[in-house]
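First the structure, in the form of structure tokens, and then the observations on it.
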Amino acid sequence: MWLYSYLSNKVSIFVVLLLICLYVTQLSSGYFTAYEEQENDKNCFCELRGSINDCSCDVDTVDHFNNIKIYPRLKSLLLKNYFRFYKVNLNRKCPFWPQDSKCAIRFCQVENCEEQNIPKGLIESSKHHSNGESGAAYKYTKDAQEPRCSDADDFNSILGFLDTSISDQAHKEFELWAKHDEAEEDFCIRDDNQDEAQYVDLLINPERYTGYKGDSAHRVWKSIYLENCFDTQNQNNSLPDYIAHLDLRNLCLEQRAFYRIISGLHSSINIHLCAKYLLSESKDFLDPQGIWGQNLNEFKRRFSPETTNGEGPHWLRNLYFIYLVELRALAKAAPYFRKEEYYTGIVEEDEETKIAIKDLLSVIESFPSHFDEHALFSSSREGIKFKREFKEKFRNISEIMDCVGCDKCKLWGKLQTQGLGTALKILYSEKLNQATVSGLWQKPNLEGDHIFRLTRPEIVALFNAFGRLSNSIFEMENFRKYLR
């Protein structure tokens, strides 16, 4: 009897412990959870809680960190001249289908930037770069082989045979090889060095709803999701704007990450449009002015479970995923960004920009649960294959942005795509890893041709793209207040 009672107590304790373990397992999610149960009993569908899938932190942590620490700093930084002028080619033809749906609405147009309003330092820097006088390719040009010191004759006497043995054709081929090597790490098709590229003032061309919609806009996102992601079980294409959340369970980590990045970007853009919606328009025929503000009904239409087959909250959660990806990229490249000059030719402001950048980077580095980029793309043959496909698909998406019929939408689509591509380049750059391991960032001054380099348009795009994500998370809090 005593033994029976003892064993019964032991079994009871074991059952209780087992139930506790199962309960805790239900509440928590692993770092690479493919699926999270639909959240129940919410006051609002945008009241997100719990972990961010495929990441090690939760929504509340990101909300507080962004809204209190990151957003105010970014908002101030992006007003600086270095970040407000973005060089882009908005005249590239769509390579995938005829552009027969150009938006004629006034608010779709991009206001041109007068050259006298652009800081001279930016123009000089742009000409310097377009002439090939920077980057790894420059050292293979013929000009780079010319001695530039007072004792040039002595150098010629010693190294003359090297100069005469390399033909002009060889110089050009070396330069092409170097440019190819540089482009191999790019996740985007760059166009800022093309003849038609022009500077755009982002402050006078803000991202907001312009009235551009319909089949043209739908075709762009449909192409991005259905042609550049992966097959879905939704064969009738009745819901082409997303891959159903449940289907993600059947995908590997790299495919899930790719989808969540694209979905997060899409969600962010939609939040911007809802937060700066064209509410009304003045009657002035010659100079109509728009009035923009929050459109709560539009936000609910795009994200509520009732209008999205229950997917809206998951799309919003993907916004946090892409935010963490770009946050990690900024943290990883922080030593590089601290060495940048952020030169515009306006001495006092350039110094302020460098101070603001260092302050922002310190805050970013303090984040406790950064995205782990090493979990993607293992060194196995399959991992290398995924990385190559990931890059090819993303380059394809950067070209699809040339098919957007609204110029202002195209501007911000291209900028945010290039910013995201720059973040991915940083996270998976072997050259950046080499520079970090070699201790390059500890040197007082970087060489003119160091291992890893970002162009100014890449830097501007990355910080502005991250600013857009930060703004989206901040606007989410505003929508929550109204929906409560």
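From the backbone N, Cα and C atoms, a Cβ is placed for every residue, glycine too.
Here the structure is a predicted model, which means the values were calculated and not measured.
Summarising the annotation, TrEMBL assigns active site, nucleophile to Cys406. Summarising the annotation, TrEMBL assigns active site to Cys409. The FAD binding site annotation in TrEMBL covers Arg208, Thr210, Trp221, Ser263, His266, Arg302. Annotated disulfide bond per TrEMBL: Cys103-Cys108, Cys149-Cys188, Cys406-Cys409, in sequence order. The feature signal peptide is assigned by TrEMBL to 1-30.
Candidate recorded positions: Cys103, Cys108, Cys188, Cys406, Cys409. Nearest to Thr210 (FAD binding site) by Cα distance: Cys108. You'll find the Cα of His266 (FAD binding site) roughly 12 Å from the Cα of Cys409 (active site). Using a 10 angstroms CA-CA radius around Arg208 (FAD binding site), the recorded positions that qualify from Cys103, Cys188, Cys406, Cys409 are Cys409. A 10 Å cutoff on Cβ-Cβ distances gives Cys188 (disulfide bond) a total of 24 other Cβ atoms nearby, all chains included. Of all Cα pairs drawn from Arg208, Thr210, Trp221, Ser263, His266, Arg302, which the record names as binding FAD, the longest spans 21 Å. Note: the CA-CA distance between Arg302 (FAD binding site) and Cys409 (active site) rounds to 18 Å.
Around Cys409 (active site), the C-beta neighbours below 8 angstroms that are at least 6 residues distant in the chain are Cys103, Cys108, Thr210, Tyr212, Ala217.
Of all Cβ atoms in the protein chains displayed, 24 besides its own lie within 10 Å of the Cβ of the residue listed as 'active site, nucleophile'. Counting only the Cα atoms, the space from Cys406 (active site, nucleophile) to Ser263 (FAD binding site) is about 21 angstrom.
In the structure shown, across all protein chains, Ser263 is the one of the recorded positions Cys108, Arg208, Ser263, His266, Arg302 with the greatest number of other Cβ atoms within 10 Å. For the pair Cys188 (disulfide bond) and Trp221 (FAD binding site), the C-alpha distance works out to 17 angstrom. Each of the recorded positions Cys103, Thr210, Trp221 was scored by the other Cβ atoms within 10 Å of its Cβ; the lowest score goes to Trp221.
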